[in-house]
Amino acid sequence: MEKGQEIAPSDVEKGPEQHAIDVGHHVEHADGRGEDGTEQKRVAVAEEVQKKSGRVAALDAFRGLTIVLMILVDDGGGAYERIDHSPWNGCTLADFVMPFFLFIVGVAIAFALKRVPNIGAAVKKITIRTLKMLFWGVLLQGGYSHAPDDLSYGVDMKKIRWCGILQRIALVYFVVALIEAFTTKVRPTTVRSGPYAIFDAYRWQWLGGFIAFVIYIVTTFSLYVPDWSFVYHNDGDVNDGKQFMVQCGVRASLDQACNAVGYVDRQVWGINHLYTQPVWIRSKDCTFSSPNMGPLRADAPAWCLAPFEPEGLLSSISSILSGTIGIHYGHVLIHFKTHKERLKHWLLMGFSLLVLSILLHFTKAIPINKQLYSFSYVCFTGGAAGIVLSAFYILIDVWGPRTPFLFLEWIGMNAMLVFVLGAQGILAAFVNGWYYKSPDNSLVHWIVNHVFVNVWHSQRLGTLLYVIFCEIVFWGVAAGVLHKLGIYWKL
């Protein structure tokens, strides 16, 4: 599933034009002074900077952090698999990326659709933007692009993957943005005081999130999952071409083999169109090396080799809640003018969501699970997103030392470009296309092996350092140059 255009959210004609990950954020700032003279002066300076730039820098930094995390876990997770996605229940560093994207998408929508004088035009632009995201999602993750290591391209339409990160973001953006657009006439210009007033003022947005929650919960715990089979495809593997049977015949299961999330995707998309390398192959049921990748256990169940869609239909419906939480944070930022008011609402909700998720997880009522996008996972990651945004807001927009976070802001303002060229490996694939004698003898491979791996005598450490310096730092500098030149890429 969720870059920094210099466009005011009050400009309605431009607001919906921004990609859900790309939207720039401009808000009014109030006083929020400190107690003593030094603190008061520091806050005043920070607010003066904000007023001149018209931006809440914490939002760009948060978006940039999400892109950085994606690059780190995608390209470094192979070396340090403990930061890669949790094999099943639990939450690792990689598991924060998708909900953080959707959270900032929601915040962005609140500003992009702050005022909507023409609902028809807004709906048209939202729809076009959604279709563009769907197209890019299928192109990048449907199997057509084999970047960055495989220089071939093309996909067998019998096996194309219809789901993916941008497809999930597109669905959440479409639903949350439409609700925001259609409720413009009942939206308040001011919100009365009180802890629940902001929820009442935007009750339609929360009703949309509640409906998504009900659909997900009812389907997950009531749908009957029958036995199913699959044919394993992996050239050169001893199991290639073999058919396996998975026995289920249950309801309300939250395990790997028999959950309703996987069953819905097998019925809707077809088993040949699902993700063929699910992370559950690193679970304890499948390998003694868990949570790292390792050889299959001799007694490993058949489902260890089965496909599973981590960005599937039912779990994407649940992810609408992440966007709903995000848009709430955007509404708070719009309506409350002092730092104290904003942070009080943000932190109270953030910690409340964390406590609820921990209770659900450790009582085993609903475990935290990214693959299922469980309700506890929504709460845990949504609460974490709110707390991280609050921390950035304090550090950058209240206290004002922006320099240490500038590279995150730059990446956040050009997040779509960094996502496609960096996180999806398109630039690396282009560089790999210029090789000498062998595809393994390219500039990227040479740098990885000779500048990092061989110097540090460690494949793991060398890979991690390459990701940090040649990907994250590189894209921070590149995004900074593009920002200075006023170049931003939006869909």
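Yeah, the Cβs are placed from backbone N, Cα and C, and that goes for glycine too.
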Candidate ranges 1-20, 281-300 [criterion: TrEMBL lists as region 'Disordered']: 1-20
Distant-in-sequence neighbours of the transmembrane segment (126-145), which means Cβ under 8 A and at least six residues beyond its ends: 16-17, 19-20, 153-156, 159-167, 169-171, 173-174, 177-178, 181, 420, 424, 426, 429, 491
Recorded stretch, among 165-183, 204-225, 375-396, 417-436, maximising Cβ pairs under 8 Å relative to the transmembrane segment (346-363): 375-396
Dominant neighbour of the transmembrane segment (204-225) in 165-183, 375-396, 417-436, by Cβ pairs under 8 Å: 165-183
